[in-house]
Each structure stands twice: as structure tokens, then as C-alpha cells.
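What TrEMBL says about this one:
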type	residues	note
DOMAIN	B:1-238	domain 'Tetrapyrrole methylase'
BINDING	B:Leu9, B:Asp84, B:Gly87, B:Ser112, B:Ile113, B:Leu163, B:Val224, B:His249	S-adenosyl-L-methionine binding site
2 protein chains.
Amino acid sequence: MLYLIGLGLGDAKDITVKGLEVVKRCNRVYLESYTSVLTVGKEALEEFYGRKLILADREEVEQNADNILKDADLSDVAFLVVGDPFGATTHSDLVLRAAKRGIPYRVIHNASIMNAVGCCGLQLYNFGETVSIVFWTDTWRPESFFDKVKKNRQNGMHTLCLLDIKVKEQSLENLIKGRKIFEPPRFMSVNQAAQQLLEIVQNQRIRGEEPGIEETLCVGLARVGAEDQKIAACTLQQMCTVDLGGPLHSLIITGGSMHPLEIEMLNQFSISEDTSESKSIDGL
Amino acid sequence: MLYLIGLGLGDAKDITVKGLEVVKRCNRVYLESYTSVLTVGKEALEEFYGRKLILADREEVEQNADNILKDADLSDVAFLVVGDPFGATTHSDLVLRAAKRGIPYRVIHNASIMNAVGCCGLQLYNFGETVSIVFWTDTWRPESFFDKVKKNRQNGMHTLCLLDIKVKEQSLENLIKGRKIFEPPRFMSVNQAAQQLLEIVQNQRIRGEEPGIEETLCVGLARVGAEDQKIAACTLQQMCTVDLGGPLHSLIITGGSMHPLEIEMLNQFSISEDTSESKSIDGL
């Protein structure tokens with residue numbers, strides 16, 4: 001049996017009791033290591049589970065899936081995923097490969113950023129399409145995700161923006177020369193995301209459009225589910241300078257009209273008292 | 001401290017290790033009992049946690065929240081919620097009451113139907129606004145949610161339909177006479193939801209509209225996360241007669257265009273081989 005087990009979002013103890021039981025009894029346990037990270041590393045998980053984990057990077061999962069699935073029809077193999085196995089990143093590909101080989105699979109769900117963002121008080125009902133914001137390079141500066149944000153806002157829906165993660169990335173030079181030297185991991189902050197968004201707004205204005213979302217209320221979330229989780233509610237402009245600390249960050253662009261309970265919840269996280277304005281969220 | 005703890009979706013062992021530790025040490029533990037249910041009852045949870053739970057029905061939470069929050073500034077109180085505390089139903093109201101009284105709170109997240117539906121293979125990214133389908137009565141037959149389904153479909157987005165739950169409901173007669181006699185709990189099945197949807201389609205057709213979603217691919221899900229979880233992918237028409245067994249059920253109306261991986265995943269759950277048609281999902 002192949003078990004896809006969600007680890008939740010915080011630390012080692014966010015695994016479910018059921019998930020932990022399965023981890024303890026499986027023959028091999030893989031840890032997916034390229035789409036998300038916990039606030040604790042592999043070693044902390046190994047200590048808590050009392051067993052060794054095999055790191056599975058993107059290459060392993062996408063190109064060497066056969067290694068992971070080996071003998072999974074005869075014995076139990078676990079594939080651990082930060083968040084939920086079908087959350088922000090789906091592992092459909094691995095599931096389908098297992099199914100094709102007649103290997104039964106089971107999913108042990110957990111919280112993912114896709115539902116845990118509800119902790120800021122915005123109702124999950126009212127979210128439209130989720131977008132990803134990627135690190136821009138000198139030559140690749142995609143803006144198309146912003147159309148989805150605008151469409152969500154036109155429909156009064158909030159937008160969850162998942163922020164880029166670069167793990168095991170090679171420089172162009174190392175890639176060309178085939179050197180397996182990897183850059184340090186990078187995680188996009190809400191500041192970087194807000195700056196890119198404002199740059200897109202500027203570009204659209206130059207083209208004669210009027211996206212005007214600088215003053216829109218946004219919510220920055222860091223390390224959701226962890227002890228030191230931080231949430232800040234402020235304008236996109238203010239979001240450029242908020243300090244939410246270490247990764248992972250996510251950003252929500254609100255949809256305009258909000259339920260009174262949503263506003264009251266967000267008021268808890270308003271950073272306006274840190275600024276000279278000190279205005280309540282209702283006024284935004 | 002007030003702890004809001006998600007229980008996940010399946011049985012007692014779907015609580016997280018962190019959540020279980022908190023439950024064991026809290027002074028009082030409430031179980032929210034009106035927005036969702038697990039496949040196991042209160043007694044099974046009490047046995048697994050090794051402690052008594054206090055059932056909190058809607059009246060308790062909405063009108064007697066002070067009982068729940070009593071002394072939570074001095075000792076630890078847990079409030080258990082099936083799924084995630086900020087999932088399909090948010091418990092913002094309780095959180096805000098706690099905050100107003102200076103009681104700190106913490107959320108221990110878990111899977112909710114809002115993210116676990118990803119197990120059918122449809123990508124959470126591609127979901128639009130979530131809707132609720134309520135039991136119709138002789139005099140109250142709301143259709144407005146269907147506009148949201150149509151809007152999602154126009155935008156190519158899937159719609160998650162949460163299906164009604166009636167727990168601790170009084171008949172009109174008992175309500176008027178003030179008798180605290182409650183009807184047996186009712187849970188809407190995907191069959192009932194599909195039938196209501198088709199009736200709305202008929203009504204709109206009479207009014208000259210052409211919603212035409214009878215042949216749209218839908219996904220019915222039952223007891224997501226439990227051992228005996230069932231998923232069926234078929235047309236809305238076929239969904240009227242599918243047998244997914246006991247509660248809880250959820251229904252997804254797909255957004256039209258789908259990613260090839262989504263189609264391949266749904267093919268696993270296609271019920272067309274049970275019918276005389278035996279067509280693959282790609283053809284729908």
C-alpha cells in the first residue's frame with residue numbers, strides 16, 4: 001500500500017495520530033522536500049517518528065517515481081507531504097502511477113495552507129481561484145496571474161496568493177555545465193510579493209489601465225499553524241515593509257466587500273496602529 | 001487559553017498529535033456537534049481521548065458562549081470541531097468573544113472538507129466560490145446558490161457544494177409549543193442535491209433560460225478521509241441514483257475545462273462502467 005500522508009503546517013506534532021501510526025510501521029518513508037517546508041527540519045521529524053526518512057526532491061518524484069513505488073504492492077510505503085497531499089500541490093502523478101501498477105493507495109489528510117488561511121477570519125467560502133506568484137528574473141516577469149486576481153475581485157472574491165519556493169535550484173552556469181551545485185533555498189516574502197504586485201499595477205497604468213489596488217486591504221500570513229505564526233492586515237502598499245519573519249509566507253488580496261465578522265476578525269491583525277494613520281480596517 | 005482544535009474528517013485517530021496532547025491536559029473539552037459529524041460518535045472519541053466531552057450544540061455556542069469561555073483566562077479549555085475550526089463553518093464568533101474578554105486563543109488546524117476534496121483529483125486552485133445546498137421545504141426553495149455555480153462555470157471554475165445537515169431540529173409544532181423534542185438528524189445525500197439542482201434547471205428552462213448542466217461532469221464524495229470513503233464521477237443526471245452510502249456527502253460541479261491530470265484522476269472514480277453507457281470521462 002502506498003500511503004500519502006499530510007504533515008500539516010507547523011512542526012513534527014502536527015501529523016495525525018493515524019498518520020504517525022502508519023509512518024512507524026511502513027517499510028520505507030519518503031519526505032517530499034520541494035513544494036513546502038515545516039518550521040522544523042528532517043532531523044526533528046526523524047527524531048519524533050523514531051525512524052529514518054528518505055528525502056524525495058522534485059527529480060526523484062517526477063523522474064524516479066519507480067524507486068518510490070518499488071514493492072509497494074507487497075509492503076507499505078509512506079510518502080510524506082507538508083500540508084495535505086492534495087493541497088496546494090497535488091501528487092496526482094504519483095497516485096496515477098501507483099494505480100497503473102495495481103498498487104493500492106490511501107490518503108491521510110491534514111491541514112494545508114488552502115484551508116488553514118481561514119484562521120485570519122476571511123471565510124473560505126469567499127475565495128476565488130488561487131494564484132501563484134513566482135520569483136521574477138531579468139528575463140521572465142509574468143503578470144498573467146494578476147488577471148485572475150482582478151477577476152476574483154470583480155466577483156467580490158478573495159484571492160489566496162501562494163508565494164514561490166526555490167529549493168535545490170541550480171544557477172544557469174551550473175546547469176549548463178551539468179554541475180550538481182545548488183543555490184541556497186529561497187522563499188518569497190509578502191514584501192517581495194507586494195512589490196511585484198505594485199510593479200504590475202504601475203505597468204498596467206502605463207498601458208492606460210486602472211487596476212487601482214494599492215489601497216486594497218491585504219492579509220500577510222507567515223508560518224501558519226506554527227507557534228510563532230504571524231498575521232498582518234494592511235494595504236498592499238504597507239505590505240511592502242511589514243516584517244513577518246521567516247518562511248513560509250502567503251498573501252491574501254481581499255475581494256472588496258466583506259462580511260462584518262470578517263472585518264472584525266481582521267481588525268485583530270491590523271497593523272495600522274503601528275503606523276501614523278491608526279485607522280480601523282472598516283475605513284479601508 | 002482557549003484551544004480550537006480540528007478533528008479532521010474520519011475517526012478518532014484523525015486528530016493531530018499536538019491536538020491530542022492539548023485535549024488530554026485541558027480542564028474542559030467541548031465538542032461542537034451541529035455543523036459536521038465524524039463517522040464515529042462522541043463515545044468513541046471519549047474512549048480514545050480518555051476523557052469526557054461536553055456536547056456543544058448551536059444554542060450553546062451562539063447563546064451560552066460564556067459557559068464555554070468561563071475561566072479560560074485562568075485554565076485551558078478546548079473546543080473541538082470536526083474538520084478545521086476555520087473550515088466550512090468558521091468559529092470567528094467564539095474567537096472574537098474570547099479576544100474581547102482578554103482570553104488568548106490558539107488554533108490547531110486539521111483537514112477540512114474544503115481542502116480534502118482535492119483527493120478526487122480536481123485541483124483546489126481551480127475551485128471558485130463554495131456554495132451550500134439546503135433542504136427545501138414546502139415553502140422555502142432557494143435557488144440563488146445556483147447563480148454562483150453558473151458564475152464559477154463561466155469562469156471555468158469547479159464548485160464545491162456543501163450539503164445540508166439538520167441536527168437537533170424541532171418540528172414546527174414542537175417549536176411553537178416550546179417542546180424540546182427533536183427530529184432525527186438528517187444529512188443531504190448527493191442524490192437529493194442532484195435532484196434539487198435538476199429541478200432548478202427545469203425551473204430556469206421554464207423561464208426561458210438555458211442552464212444546461214444535466215450532462216456536466218459532477219463528483220460525489222462520501223465520508224472523505226474515512227476508511228470507507230466513496231467517490232463517484234458522473235453526470236448530474238446519473239448522480240440522482242448513485243448510492244454512496246451513509247453521511248456526510250459533498251458534491252462538486254466541475255467547471256467545464258479540465259487539466260488532463262484532473263481527467264485521469266476522475267477516471268478512477270467514473271461510474272460509467274456500472275451503466276450501460278461505459279463511456280470514459282473524456283467524452284463528457
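Including glycine, each Cβ sits where the backbone N, Cα and C put it.
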Local backbone state of B:Ile113 (S-adenosyl-L-methionine binding site), from DSSP in three classes: helix
Chain-internal residues near B:Ser112 (S-adenosyl-L-methionine binding site), provided their CB is under 8 angstroms and they sit 6+ positions away: B:Gly6, B:Leu9, B:Gly83, B:Asp84, B:Gly87, B:Ala88
Fewest other C-beta atoms within 10 angstroms, as judged across B:Leu9, B:Ile113, B:Leu163, B:Val224, which are the binding-site residues: B:Leu163
Distance in Å spanning the most remote Cα pair of B:Leu9, B:Asp84, B:Gly87, B:Ser112, B:Ile113, B:Leu163, B:Val224, B:His249, given for S-adenosyl-L-methionine: 17
Interface-adjacent binding-site residues, chosen from B:Gly87, B:Ile113, B:Leu163, B:His249 when a CB lies under 8 A of chain A: B:Gly87
Close in space, distant in sequence - B:His249 (S-adenosyl-L-methionine binding site), Cβ under 8 Å, 6 or more apart: B:Leu163, B:Phe187, B:Met188, B:Ser189, B:Val190, B:Ala193, B:Gly220, B:Leu221, B:Ala222
Reduced DSSP assignment, B:Asp84 (S-adenosyl-L-methionine binding site): coil
B:His249 (S-adenosyl-L-methionine binding site) - helix vs strand vs coil (DSSP): strand
